Amino acid sequence: MAHYSMASHTRPPPGKSMGWKDLIKKITQNTKEEKSNTIIINVGGEVFKTSKDHFKRFPKTRLADLDATSGTYEESTNSYFFDRNPVLFHYILDYYKSGELHIPHNVCYRLVESELSYWQIEYSEMTDCCKKMVEEHFDEYACEESLQQELKIQPKIYSSQSKHATDYISNWRIRTWEFLDDQCSSNKATKIWHAVYMILVMISILSFFCATLSECRVSLDESIYRFGSTTNKTQEITTDEIPKIKKLLNTVPHPVLQIIELACLIFFTVEFVFRFVVCPWKLRLLKNITTLIDILYILPAWTVLFVEVTHGTFWHTKNGVTLFIVIEAIEIFRVLRIFRFIKHHQGLRILYLAIKSSMPELSLLLAFVVFNTTIFASFIYCAEAFTPDNFDSAFHGMWWALITMTTVGYGDMYPKSWLGYIVGSLCAVLGIIMIQMPVPIIVSNFHAYYRLRFSNDIDEKKEDTSNVELPNPVLPFEDVYNSQISIPGPSGKSSEVSASPTESRSSSPEPPPRNRMWLPPINKVSVVVDSKHALETDIEECL
């Protein structure tokens, strides 16, 4: 209600006086005008009273179109009711008054986003000071969502989808799939399975490396796959000009390595087929990069084994040598199976997420490397134009520029003129500056993901401790107060002790026997419930 004073009104012109009736009529008219321009808004039970003129400044918002025909209008109270958060509406109303949208720092920013969407206020209307803070929190939420999806949500998605898939897939297939795929399970059997699997992966890779040593290779006669003598079956192609290919064709790995390789191949083949059979989402499994790596390892290995058993000398023909080189090159992809450690080790997965979230910065770094490599390759080629047998082409300059910017410096090519020294110095300095730029970003992302993971671990431990049951049930107060408790003594006989406060008051505080419970007349009473478990209960004095 507005207050008026005589001094606030315009004085009548000279020679003409204003009567009391005219003054009261003018005051009443002004009051009606103010009432017609006032609007009452009830937000979540909290009443706000303001002027309609504030809302007309922002015609595209929800409050700009309020009238008696609105669905939120209540005729009994002449107000508009919105079942929304009244705390944030204070800042919404300030935005209509001042034109600046500020938000509190102690409110969830998902709630802020929801409220702005409801009141039809654009995010761009937020002031720069608050917008920067909101964007930082949104980035943190995005990190947390990606971390949850990578580390926790995926197994839960499998479990939730398996409940709907039980109509056409038996329970044992779902359980088997979760056993094979759920690397976050706390089941000991699942942990042992994944540990054995990763050990066999490392053994397979180690056997491949050992098979490249000359000391670990033997003649063709000692192969476990070939039967009969192969001494007289000479090669049509000796490949003297390629010593490595000649060694692979004329020798085989040691029989022990062959047995290890065969055992690993059988294990991984059975595991792959079994995983594919029990998988409820075969198309998703085939699109996985780890599945492609397994196929690139299993198929070439079985092809080599089949040729070795059926026609071992096929590799020594013209077509066989070419096929052998191709298959050996494909089998190199078996070492990529080491990336399975990323799936089973949470620290490596966090590092993978940090690099993945830094891809825009890494892409920019790659663009800088390409640009600078091209520029300095041209410069060094021109600078060393008068130096014989040095940087014969610009492509050699690109190799030199890349190695120089990464501060590796093999020394196979280097400038020999004073102008080349200048170009080389600029290339090295610029490479150091350029490569160091994305490192803090990757480190910052890694710390953000690691901090979120650490907080999630703490929350999981709190949930685990909250679900722990007490070894003995807690006795209700009425049972301790009104009933008698049987306590087994040393001889096995039970002795009944009354817990009534009246008896405890009347009894004298004498030392109790060893097999009986003493209720002293004080506020704190220790009640022994079992001879093996002691449960101490605080009984307040409420008599």
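The chain as shown is numbered from 1 upward.
Using the three backbone atoms N, Cα and C, a Cβ is placed for every residue, glycine included.
Lifted from TrEMBL, the feature list:
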- 494-508: compositional bias 'Low complexity' (COMPBIAS)
- 37-137: domain 'BTB' (DOMAIN)
- 1-20: region 'Disordered' (REGION)
- 488-519: region 'Disordered' (REGION)
- 195-214: transmembrane segment (TRANSMEM)
- 256-277: transmembrane segment (TRANSMEM)
- 289-309: transmembrane segment (TRANSMEM)
- 321-342: transmembrane segment (TRANSMEM)
- 362-381: transmembrane segment (TRANSMEM)
- 393-411: transmembrane segment (TRANSMEM)
- 418-437: transmembrane segment (TRANSMEM)
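Across the candidate stretches 256-277, 289-309, 321-342, 393-411, 418-437, the maximum count of CB pairs under 8 A to the transmembrane segment (362-381) is reached by 393-411. For the domain 'BTB' (37-137), the number of residues in each DSSP class (helix H, G, I; strand E, B; coil) is 45 helix, 20 strand, 36 coil. With a threshold of 8 Å between CB atoms, the same-chain residues lying at least 6 positions outside the transmembrane segment (289-309) that come near it are 223, 225-226, 261-262, 265, 268-269, 272, 315, 327, 330-331, 333-334, 336-337, 339-340, 343.
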